[in-house]
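Participant: Sharing a structure, written as structure tokens. Questions coming.
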Amino acid sequence: MRAAWVLLPALAALSAYYVYLPLPGTVSEPWKLMLLDATFRAVQQTCHLIHYLRLSHHLIILNYLICTFDKLKSVSSEDINITDAVFDGVEVRVFEPPAKRDERLKRSVVYIHGGGWALASARTSLYNNLCRIMAESLNAVVVSVEYRLVPEVCFPEQFHDALRATKHFLQPDVLAEYSVDPSRIAISGDSAGGNLAAAVCQQLSKEEHLTIRPKLQALIYPVLQAFDFNTPSYQQNMNMPVLPRYVMINYWIDYFNGNYDLAHSLVINNHTALDVGQALSFRGRLNWTSLLPSSFKKNYKPVIQTTGKAEIIQKIPALLDVRAVPLLAENETLQLQPKTYILTCENDVLRDDGVMYAKRLEHAGVEVTLDHFDDCFHGCMIFTIWPTDFSAGIQTRNSYIKWLDENL
């Protein structure tokens, strides 16, 4: 009995040590975020152990656990008709609000979910709930794209899936089937889905034969570049919950089917050193010292290696492929982009990706709304269902839907 009184406080102290993280004072609901992050870390460590033992790929196990937990939640709607379909070989989930009297055509959003190109699904309750609320609030048809995931496929297949599904939906006969107004369509996505949404928008803008094009793009804390992992937001938030820097780099490596041994070289920007000729022409397109406001740059310094490892780009040429890294697109492509909304969070390694893309689009003559939240963190917009419900999720979701309602 006496041993138990010693053991319990010790376990409590260890648990508190594992959970606690020093967070900025502005972060919304810090202890809830710490608990969420501790859960993520525990699950990820278990999955990596299974991977190390060669029992299964860690991302397959992680996705299985996500979907298993997700089944404990019940999200339904009597007002929205939810159906599954296949658009040019790509699975999608379609959310349709009921027809209103004297209403002929509805607006629409093509939505691409996040998850590091490897996790989650259009069918999970988190995204099911988001798309249902979008359909209800906007009285819009929402098409949620169920692209294939890592490790089943790697780049560029996720991009191809998202592009094929979107192009199929943009056909006049398909839009007519869903009673969608061809002039009021948005393409949107969060995180890795924001990456795919931006890449799809860029590709659509280059295809001259298309008769119907998106009116808007709306990107939620998008991941847009793998050129510089030492932007101020990467340095400031390298250990922030949900998406620390090393996790984002591993997502990139998995997306490109690369080797984890390259992670350290990527962290210190060896792949884009001054002597890496393939990267030189892109450097001016991602110069954060000129693209970021001083309030974001703070006192951070650029990390530019004089000599690096050109073989990294040779092994993973997709690091400089604009279909994977839309921030590196040329100005001629950016000029063709539709009116844009970009949501960024202060406590997010990807903050500067979105801010720099907004500035480059503005320089190209595109109308851009940059919606920045000082107290929010990466991924927050989908965390609106108990037990992972955050006020930051409600706040960002409402702002995002409000912009769509006013502009679509």
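Each Cβ is built from the backbone N, Cα and C atoms, and glycine gets one as well.
Summarising the annotation, TrEMBL assigns domain 'Alpha/beta hydrolase fold-3' to 109-267, 321-381. Residues or ranges marked as active site in TrEMBL: S191, D348, H378.
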Participant: Between the Cα atoms of H378 (active site) and S191 (active site), find the distance and write it as a whole number of Å.
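Facilitator: S191 (active site) has its Cα 8 Å from the Cα of H378 (active site).
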Participant: For the domain 'Alpha/beta hydrolase fold-3' (321-381), what are the DSSP-based totals of helix, strand and coil residues?
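Facilitator: Final tally across the stretch: 22 helix, 19 strand, 20 coil.
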Participant: Determine, to the nearest whole angstrom, how far the Cα atom of S191 (active site) is from the Cα atom of D348 (active site).
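Facilitator: About 11 Å separates the two Cα atoms.
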Participant: So if I draw a 10 Å sphere around the Cβ of S191 (active site), how many other Cβ atoms end up inside it?
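Facilitator: Other Cβ atoms within 10 Å of S191 (active site): 30.
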Participant: Check the domain 'Alpha/beta hydrolase fold-3' (109-267) for me and report the mean pLDDT.
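Facilitator: Result for the domain 'Alpha/beta hydrolase fold-3' (109-267): average pLDDT 96.
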Participant: Would you count the other C-beta atoms found within 10 angstroms of the C-beta of H378 (active site) for me?
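Facilitator: Result for H378 (active site): 26 other Cβ atoms within 10 Å.
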Participant: Tell me the Cβ contacts of D348 (active site) under 8 Å, same chain only and six or more apart in sequence, or just say none.
Facilitator: Y221, S233, N237, M240, L243, C376, F377, H378
